[in-house]
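Chemist: Next up is a structure, given as structure tokens.
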Amino acid sequence: MQHGKYRFIVGFLAVPLGLYGLFVVWPFIQSIYYSFTDWTGLSPEFKMVGFDNYKRMLHDEIFWKSLQHSLLFALVLPLVTLTLALFFAFMINVGGRRRRGGPVISGVRGSSFYKIVYFFPQVLSIAIVSLLFAFAYNPDSGAINSLLRGIGLDSLQPLWLGDPSLALWCVMAVLVWSTVGFFVVLFSAGMASIPTDLYEAALLDGADRIATFFRITLPLLWDTVQSGWVYMGILALGAESFAVVQIMTTGPGGPDYSTTVMVLYVYQKAFRDGQAAYATTIGVALLVVTLAFAAVVMRLGRRERLEF
Amino acid sequence: MKTTDTSAPVPAESGLPVAEIGTTRGTAPREKKEGTVLNAFSHGILVLWAIMVVMPLLWAVMTSFKDDSSIFGSPWALPDKLHFDNWARAWTDANMSDYFLNTILVVGGSLIGTLVLGSMAAYVLARFDFPGNRFIYFLFIGGMSFPIMLALVPLFYVVNNMGLLNTIHGLILVYIAYSLPFTVFFLTAFFRTLPTSVAEAAFVDGASHSRTFFQIMLPMAKPGLISVGIFNFLGQWNQYMLPTVLNTDPDKHVLTQGLVQLAVSQGYKGDWSGLFAGLVMAMLPVLAAYIIFQRQVVQGLTAGALK
């Protein structure tokens, strides 16, 4: 297969690689370079300023707030989302009532119905979901508060997105709502590939459902959980959190910077405040946080690979 | 590839009474009671979450048929009559028709481009040994974990200098570039699983490399192309961050940013019912497509993470 091999390789790789290099790789390299300049983005002129942007960042109170919120997103969101998803997936696939003569493990009744419904938010744009929940959270006329009034909780009428201490949690709840279904389906597929004789053996040994989950399902699903954790963390640090915070919260990023996240701060500095160089500096910090997050999860989660 | 339906058999057909009898006869009373409580508890939570998922969507559909005063006055009340005029207004006055057209153009172009270019690169990377193969592969894969926003700041000026800012074809090129990492990752793995003998036979018969690819390998890779195609379709259809930065001309807006723009401007115009109609209009085609192609969608979206 040597005939014309290299010409073919070059011919097939040139366009994809060129496009990728121009629109993805080159901007990444540029932005690291720009973080050492005083480029505004508005004029083509700039000069090198060394580590000035980084020094400024370390004294920027809003930067620290956004970092704190982003870290909270990366820790809390995967934890809550994956826990819920594992629970649902286990109930759907293994949690069914055991019957004589029936299969050793079985899902609850209507398991395929749950999987279809839970997956709904995953196919919707996060922008549309955010708009919908922005209305639901409206303190006067929103669906949530009027539901609370409807069941007699007139005294409980939070401002939701308007309350600095609640706003961030409201935003996170929307992200949980929209991503749990994906992981339920993902874990379900993983659980289906666990051989049933393992469950049979556990049943013979008298294990109840909780023991079955922690001794059999979770260890055998660990690889999937771990990659799900990284995937969710990258989403929570990047594009998804940008959309929810930018669309749902006032300012955006408020009230009182209570919901601002790093990715939004990069956007605002670059495209609202005309401080492109400083924006790339925060972007580099976001890159470091993202890579560190992935490395920590992969390292902490490393265990002996179980073959089955 | 595992799908949802390979899970344990669903005991739906057996019905509750049978299960009841089975447990009473077979197990001790204490065990049965515990099992029942746990079962009711877990089932209750599953139902609760299903309601929490469906409620907001149904609420949006219902609201899209109400007039403005009842949207704010009584959010949970059923509409007094079905205000179809909301939908008509959203479609024409609020430019939803333009947003749909723009989205279809952008997603159509970038989906085809992504699949063609992605499979070409993946095929070469999966099947040919050459210096730099690993480096190029990891260059593509690396794009999956980097925060896109970091690149978007210089990218804005790159696109601007090329005269591609606020153009449909510019957006298509950028969508393709940012869809390549996952596409190449997924399809490289897929091409590796295909048997080599068929391609070799074609080659011995005198077919060129590119002919072997287009006439033999691509048809064989169809299942993989469908999975990654669905993944990219949803990602590109729902894309919000890239057009927000690179496509600021209101006439060129895609659905997601058009709706957000609409929501912001409703602050002055006050046509909330029209906005809800627009939201539902944007939601329904994707939901309908999902329900019809449920199995393929789930497969396409979860396939990558399971590899």
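Each Cβ is built from the backbone N, Cα and C atoms, and glycine gets one as well.
Per TrEMBL, the features are:
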- A:67-297: domain 'ABC transmembrane type-1' (DOMAIN)
- A:7-29: transmembrane segment (TRANSMEM)
- A:71-95: transmembrane segment (TRANSMEM)
- A:116-137: transmembrane segment (TRANSMEM)
- A:166-187: transmembrane segment (TRANSMEM)
- A:229-248: transmembrane segment (TRANSMEM)
- A:276-298: transmembrane segment (TRANSMEM)
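Help me understand the surroundings of these features in the structure.
Modeler: Long-range contacts of the transmembrane segment (A:71-95) within its own chain (CB-CB distance under 8 A, at least 6 residues past either end) are made by residues 105-108, 111, 114-115, 118, 168, 172, 175-176, 179-184, 186-188, 191-192, 199, 209, 212-213, 217-218, 221, 225, 228-229, 232-233, 236-237, 241, 261, 289, 293.
Residues of the same chain lying 6 or more positions beyond the ends of the transmembrane segment (A:116-137) and with a Cβ under 8 Å from any Cβ of it are 88, 143-144, 160-161, 170, 174, 177-182, 184-185, 239-240, 243-244, 247-248.
With a threshold of 8 Å between CB atoms, the same-chain residues lying at least 6 positions outside the transmembrane segment (A:229-248) that come near it are 70, 73-74, 77-78, 81-82, 126-127, 129-131, 133-134, 137, 161, 170-171, 174-175, 179, 183, 259-264, 267, 286, 289-290, 293-294, 297-298, 301.
Same-chain residues lying 6+ beyond the ends of the transmembrane segment (A:276-298) with a Cβ under 8 Å from its Cβ atoms: 31-32, 34-41, 46, 49, 53-54, 56-57, 63, 66-67, 70-71, 74, 226, 229-230, 233-234, 237-238, 262-263, 265-270.
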